[in-house]
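In what follows, a structure is listed as structure tokens, so that the remarks can point back to it.
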Amino acid sequence: MRLMQESEEEREMESSSRCGSIVELGFQEKSMKMVVVGYALTSKKTKSFLQPKFEGLARNKGIFFVAIDQTRPLSDQGPFDIVLHKLTGKEWQQILEDYRLNHPEVTVLDPPDAIQHVHNRQSMLQDVADLNFSDAYGTVGVPKQLVIEKDPSSISNAVKKAGLALPLVAKPLVAKSHELSLAFDEYSLEKLEPPLVLQEFVNHGGVLFKVYIVGDAIKVVRRFSLPDVSKRELSRSAGVFRFPRVSSAAQSADDADLDPCIGELPPRALLESLSRELRRRLGLHLFNLDMIREHGTKNRFYVIDINYFPGYGKMPEYEHIFTDFLLNLAKSNYKKRATSIP
């Protein structure tokens, strides 16, 4: 029986480790403290994440990646120091939860219940909103939003009742898709397809900041985003405009000649404090934030999306950042085990 229910593409996995089995690793270099990472990723994620340069660097540092066989019980595989995964399905979640209980010495990246929390856009940004973050470097909030679970004809009244201002960004309630829509008038709202989340659109100079978080490490890149909407444009526009993926890798803004007021990265100290708090609240090690700066302000920021285990292959220097993270995590685990031994 397979460990999870997924589409044919999602079920396609590497049938064997790209670095060989644990026996083949053979403890061939007994002098080296090996870190064995079992991974359960889709074939697409495996290809984008386990790039040759990354695998080579990891191997040189004593980190070996072993594919988890979905056709065998997880507890019969390994032994692993770390389990890295990004698969969905209730059966897979239960398998991981059982494995965590039976193998507390293994770090599972990340806990299934914590991942599920950010897969739902109704709960995804709640921790950011509850944090109500503010320090000497700026404030961080979330746009005003509304969840619509069904009945498109009720959207207009619900928007009025909630006091949301047009235009509105519409996103699928379950964060499996990066597709979004921009609705300019109330009459077009019934064209949207629930379940979805509606967010007030905040003008941000057409630039978005992707904040990659890998444990304690932070890396920020700029991406082009939706352009600002003026009051004049809003009064002259109608309908719903659909965007399949706004902040794709092809739209990097890191080398663009931007107005400093728009392109300046958020203060490092602010990001460090924010990511530390969110790691604690979310219970996650691997995620990114989509952040924007409200146009016309210097230090008013909004988090508009959170993604678990994002496309780290697009993050500059991810090979070194990720290998250091895995080594530090394994070292911390070894210390915990040593102190727990009577």
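Each Cβ is built from the backbone N, Cα and C atoms, and glycine gets one as well.
TrEMBL lists 36-115 with the feature domain 'Inositol-tetrakisphosphate 1-kinase N-terminal'. Note on the domain 'Inositol-tetrakisphosphate 1-kinase N-terminal' (36-115): DSSP counts are 36 helix, 17 strand, 27 coil.
The 1D-myo-inositol 1,3,4-trisphosphate binding site feature in TrEMBL is assigned to Lys45, Lys86, His178, Lys210, Asn307, Gly311.
Look at TrEMBL and you will find Arg121, Lys171, 199-210, Ser225 tagged as ATP binding site.
What TrEMBL records for 135-327 is domain 'Inositol 1,3,4-trisphosphate 5/6-kinase ATP-grasp'.
The Cβ of Asp290 (Mg(2+) 1 binding site) has 20 other Cβ atoms within 10 Å, all protein chains considered. Feature annotation from TrEMBL assigns Mg(2+) 1 binding site to Asp290, Asp305.
The number of other Cβ atoms within 10 Å of the Cβ belonging to Asp305 (Mg(2+) 1 binding site), over all protein chains shown, comes to 22. Annotation source TrEMBL lists Mg(2+) 2 binding site at Asp305, Asn307.
For the pair formed by Lys86 (1D-myo-inositol 1,3,4-trisphosphate binding site) and Arg121 (ATP binding site), distance between Cα atoms is given as 18 Å, rounded to the nearest Å. Checking each of the binding-site residues (Arg121, Gln199, Phe209, Lys210, Asn307, Gly311) against Asp290 (Mg(2+) 1 binding site), the C-alpha distance stays within 10 Å for Phe209, Lys210, Asn307. Recorded residues Asn203 (ATP binding site) and Asp305 (Mg(2+) 1 binding site) have their alpha carbons 16 Å apart, per Cα-Cα distance. Put simply, of the binding-site residues Arg121, Gly205, Val207, Phe209, the one whose Cα is nearest the Cα of Gly311 (1D-myo-inositol 1,3,4-trisphosphate binding site) is Phe209. Residue density at Phe201 (ATP binding site): 21 other Cβ atoms are found within 10 A of its Cβ, drawing on all protein chains shown. Spanning the residues Lys45, Lys86, His178, Lys210, Asn307, Gly311 that the record associates with binding 1D-myo-inositol 1,3,4-trisphosphate, the maximal Cα-Cα distance equals 20 Å. Taking all protein chains in view, 18 other C-beta atoms sit within 10 angstroms of the C-beta of Gly205 (ATP binding site).
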